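Have a look at the structure below, then the notes.
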Amino acid sequence: MAASAKKKNKKGKTISLTDFLAEDGGTGGGSTYVPKPVSWADETDDLEGDVSTTWHSNDDDVYRAPPIDRSILPTAPRAAREPNIDRSRLPKSPPYTAFLGNLPYDVTEDSIKDFFRGLNISAVRLPREPSNPDRLKGFGYAEFEDLDSLLSALSLNEESLGNRRIRVDVADQAQDKDRDDRSFGRDRNRDSDKTDTDWRARPTTDSFDDYPPRRGDDSFGDKYRDRYDSDRYRDGYRDGYRDGPRRDMDRYGGRDRYDDRGSRDYDRGYDSRIGSGRRAFGSGYRRDDDYRGGGDRYEDRYDRRDDRSWSSRDDYSRDDYRRDDRGPPQRPRLNLKPRSAPKEDDASASTSQSSRAASIFGGAKPVDTAAREREVEERLQKEQEKLQRQLDEPKLDRRPRERHPSWRSEETQERERSRTGSESSQTGASATSGRNTRRRESEKSLENETLNKEEDCHSPTSKPPKPDQPLKVMPAPPPKENAWVKRSSNPPARSQSSDTEQPSPTSGGGKVAAVQPPEEGPSRKDGNKVDVVGATQGQAGSCSRGPGDGGSRDHWKDLDRKDGKKDQDSRSAPEPKKPEENPASKFSSASKYAALSVDGEDEDEGDDCTE
């Protein structure tokens, strides 16, 4: 039995669900509906709510929405649509006038007649600016002979003329002025602003015409706009959810709002889609200015950024009216008066002010650097000369005052007189030799005086000899009286005459006294030293000395000779010619009287000694 059961199991048959349900329902011969295959494109069209591009057949009416009239779609060509015009606004009698807005500024009457070719046009009016007759206001009027021509002209709304999309509307005689001031005032002002830059350029809003419209945004925007609009709050919900075409004849000049937005896709579709929030909540403050008279909402928002877009409707219209009366702002004309001769003072003042204004340095003058450098150099040179004179004056002042050389001869004569008085008792020969020695000494002193005077005359600017010369000691026998006591009693005389002291032999023996010469004046010459040494040698023969005097005398001679050579070497460059060889004339005249006085004094002393 089990084997038979296995044999009875067979593979089942696949049937559709509708057939299975029909068999289970017991209806027997029920009709079965098999859906036709639908492409994914058709399904998305149904979900989006858009209409397919194919016409529906009667078989599809069960599954699809009823067909929609293509002529009301905004994407349909304008030639396929009838002009959506309120016939109640059309004039019943001529003239049949159409308003033309957004005209190019280079438009002419012939170009407008060519634009409306085929129509019975009778006249064209193009208003011009009162301040500038060559400039158009941007709008005009066209009169037609019959009503059919006017209807045909209204169907040409938003057509291009000279790279501009012009507006064609019915011109009501009672509303011409108000329409000019309020409805198209913004367009004229906007176009006049564009003339300042590139008014021939294509409007920037044309690029938004290619965007497809969206369904649902229109009712949403109308609902909130009407809700916040205080003037039309009563009709808010009714107008916001109205499905059919909406006409506000009294307020918007008979223009169909849906037609206006439908013909301009950017206003209804693109702009409301991207800015619905601003449109819903901000339109209450804008007082419905965006849609008045077919105004371009997008251009009004972005082309005209001024405070009037937020003002009330009445204020805005009055402002436009005043601005139209005034005309565009222009530069005031120059009122040139006849030229009059300006005053000299005013002219000089103006020239001075203009010169100061033109000079970036003001009243400053350029500095003559060469002259300034010369002045500085002269001032520095004067200062150096003054400083040099100040340095030279102290040197001249420091020069010791030269005393007349007669004081040396007198002092020497007194000393010799005392010495000869003491020596005359010894021998007459010694007195004679002393007298000759004194005569030679006086002659040499006069000669030294003459030489000193001539040297001063020939070399007034010669440097004085250095004061720090080595001290010299002169060998001399002890005098009659103590030389140290005499020096202490009369230091100036001794200091000045120490270099002319002569050795005098005394009975005390041969002692040598070291005599320190004082500071020598500038007139002191080396010839005096040699003469003194010669005089000492002359007296050495007649004076009795000790056994050691000869050696010490030779030693001091050598020292004096070396010192004289050093002084000669330390002298400055060879001075001008010095008449050392021929002072005979001056010496004879000066020494003649000196010799007589010395001889007379010697004779008197000799007489005293003999007595």
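The backbone N, Cα and C atoms fix where each Cβ goes, glycine too.
In Swiss-Prot, the feature phosphoserine is attached to one residue out of Ser309, Ser422, namely Ser422. Per Swiss-Prot, the annotated N6-acetyllysine among residues Lys36, Lys365 corresponds to Lys365.
Per Swiss-Prot, the phosphoserine annotation among the candidates Ser425, Ser495, Ser507, Ser572 falls on Ser425. If you compare Thr437, Thr506 in Swiss-Prot, the phosphothreonine annotation sits on Thr506.
Cross-referencing Ser498, Ser523 with Swiss-Prot, the residue annotated as phosphoserine turns out to be Ser498. All protein chains included, Ser93 (phosphoserine) registers 6 other Cβ atoms within 10 Å of its own Cβ. Residue counts for the domain 'RRM' (96-173) under DSSP, split into helix (H, G, I), strand (E, B) and coil, are 15 helix, 24 strand, 39 coil. Other C-beta atoms found within 10 angstroms of the C-beta of Lys365 (N6-acetyllysine) number 6, with every protein chain shown included.
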